Amino acid sequence: MASSMRSLLADPSRYLRSFRVFLAKSTEHQSMQEFVERQLPGVVASIGNGKSAINILSVGGGAGEIDLLILSVVQARYPGVTINNEVIEPSAEQILKYKEHVAATTNLENVKFTWHEETANEYENRMNAEKKSKKWDFIHMVQMLYYVKDIPATIRYFHSLLEAQAKLLIIVVSETSGWETLWRKHGSSLPLDDLCTYVSSAGIKGMLDSAGLKYQLHELPSNIDITSCFIEGDKDGELLLDFLTETCEFSKTAPPELKRQIMEELRKPGCSENRNGKVLFNNNLSVIVIEP
């Protein structure tokens, strides 16, 4: 690996810029929104039965767009019930955006928000140090397990915090996605270091099976328009390439041969399809709902 290549997460502001381009170019949020509207009501149908308050923990809540969709579904199922929504999110910038989204959203009178500017691991350590183990009715981890050091331990810890009727919901990229192909072939050449771990639904299912946990799986089709990645000097394309490879300034710092291989790989059927002159990267997601 060329020494000039470094993890995208080493530059938080560039990471956020590349993440925003990814969201703009992908159908990720639309796919999640469709799941939340159609399938989530069934998932949360019994989490608040007989309760005067429902406790929800968002692990890696980001800017809160998906969290607010989830809250609206819980509110519809349990009208008027108090919801305590706590958010674990290490990025101060994302928390600020989250608060702006909350301020712009109506009908949140019965929702109490608490933000913790820390990682999932820092939260766990703090709770252990304070000898607290608050129980939750619903915990969700949307696209965040790539950023924890010990994925099985993180799942075990948060699973241990579930109430009897609760659910733990995880969203990660699917084993059928282009990510699986790209990272299996080239992950070892990219500067992942310990800030980011590649994992897909295959890895999570293996962990849950070996832990003997019961779960349901939902597959969500999604894609990313990566056409701009193939336009020399395109700023959005460069940021998108950074996001796909988790590498800061990939197109400038990658060794020429690695860059050639990855650009070639991104066009192949294992990663993408060509449709109406666009290159659409397979961004399929898996939703895994775990029982207590």
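Each Cβ is built from the backbone N, Cα and C atoms, and glycine gets one as well.
Note: TrEMBL annotation is automatic and uncurated.
What TrEMBL records for this protein:
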{"type": "BINDING", "residues": "Glu28, Asn283", "note": "substrate binding site"}
Legend entry - Distant-in-sequence Cβ neighbours of Glu28 (substrate binding site), under 8 Å, six or more positions away: Phe22, Gln143, Ser222, Ile224, Asn283, Leu285
Inset, instruction - Run through the Cβ atoms and count how many others sit within 10 Å of the one on Asn283 (substrate binding site). - result: 25
